[in-house]
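One structure is given here, and the rest of the page talks about it.
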Amino acid sequence: MTLYKLTVLCLTVFAVQLAESQELLPAPTLSFNYGVNQSAIKLYSSVDMTCTIPSGAKMPAEIEKAFVCWYRNTVTKALSQFSEAINITISALSDPIAVLFPPVFPVGGKYTMQCETPQIGYKNTTLNVYDRLLPLRHGNESFQYIGSRVLAPGEWGAAVTRTNAGETYEFMCEMEVFLNGKTLRSRSKILTAMPDELSVHLVPKNSDSGTCYGEAFLKVRDGWRPLCFVSKFYDSMLVASIICRELGCGPAIDYDRLGFKAYNAIGTPNCTGNEKKIAECPIGSADFCDQGTLKIICSDALPPPTLSLSERDTSSWVYVRTEESVTLGCIFQSSINDYAYITFTHNGQDLSTTTALPGNRKTMTLRDPVPEGKYACYVHPGSSKLYRTENSNVIGIYIYNPPPPGAVAGGVITTVLGIVIFVYVCVYRARESDVQDTEPESSPRGSTTTPPQGAPESTGANIPQE
């Protein structure tokens, strides 16, 4: 008994007529029907297979014709007869797409509603745009015609732009295609354009409270939706800086783009750096995001560390001897319970770097002779020092070598003697001044009074002569 290998192929009736052009149509897909166990096919059993025209092929999207299938024996080359024809009749259209640019916008902002064909290549197509004001009022429930656009070859959309947005509108677009003597129509889903507050907050992982660090969320309608980013076109540090500025959390000192995009991401802020808040940045579509949510650390979440010589000594100036060693300690406090890098500096130049958790003091020992100068430390969340905290307090270290003990004792004795002599001279001068200031009594005419020869002038009152 001979077993035959069968090959099933598909073609269209008119494909034979196009063979002379040497143009190959896209290959069909041959597959087993659902329920066929490929690993347990029995001899002489019926095997159901399906021949499918690829979805990307031009047929039957444009040409209404009949399709048949046939198969060929790959051993004998024998061909089967054609199957019964299946007629393809186009009677509907895919819905057009209504898109809002940007997807969210603030009060007073600008937005564009764009109506697009489902794919490029539609011919004899017209797009009609309608809107209505919300909330709906009696007699105002119907959509109002705005305008239409007949698409030229290569065109695929129509747009309506509005500025100074202050009211909420619903938009809908309608697509009309004239094909083979008939007009086909379809409508998009209703699209709502509503000005939003677009406030921002940062939420740490596994927390619901806003802080000065965490993942960035934007308030849209009644909920919070994460931001997402396009790494090739947007500067995420600009966005991080604006978010920290808006929250009043100081400058941004670190950011990270998470490697996944949340399912309900709102889009990518396209900021210049001059904006005061995220609402002033145009928001790009989330369809192009590839970097997920932005994780930000503002300076208020990681304040400057504290430098000390001991656990408590934070004096600004310290004197040490030449043979002494000095141990510096640096500690930082933060609500971010994660490792960070501590870097010690000397006169503004980095000395050493180590990792630590908030509240853990890290030390660095300076061996003798200790270099004089100004010492400080700072903290940076990542290994890169591009984004970092401000410097800690500065401690100035200077070398002071006191004189030997003998010289000190001699100096003390000399100082004491000098003080004694100084006191004696001062007392003596004071008493002499008292004597000279006392007036002598009047003497008889012609008589004189003189002090005894050799007697000190500072002894008491003068004695009259006999």
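Note that Cβ sites are derived from N, Cα and C of the backbone, with glycine treated the same way.
Per TrEMBL, the features are as follows:
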type	residues	note
SIGNAL	1-21	signal peptide
DOMAIN	200-299	domain 'SRCR'
DISULFID	Cys271-Cys281	disulfide bond
DOMAIN	305-393	domain 'Ig-like'
TRANSMEM	407-427	transmembrane segment
REGION	434-466	region 'Disordered'
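Around Cys281 (disulfide bond), the C-beta neighbours below 8 angstroms that are at least 6 residues distant in the chain are Val239, Ile242, Pro269, Asn270, Cys271, Thr272, Glu275.
Other Cβ atoms within 10 Å of the Cβ of Cys271 (disulfide bond), summed over all protein chains shown, number 23. Here the domain 'SRCR' (200-299) returns a mean pLDDT of 83 for the predicted model.
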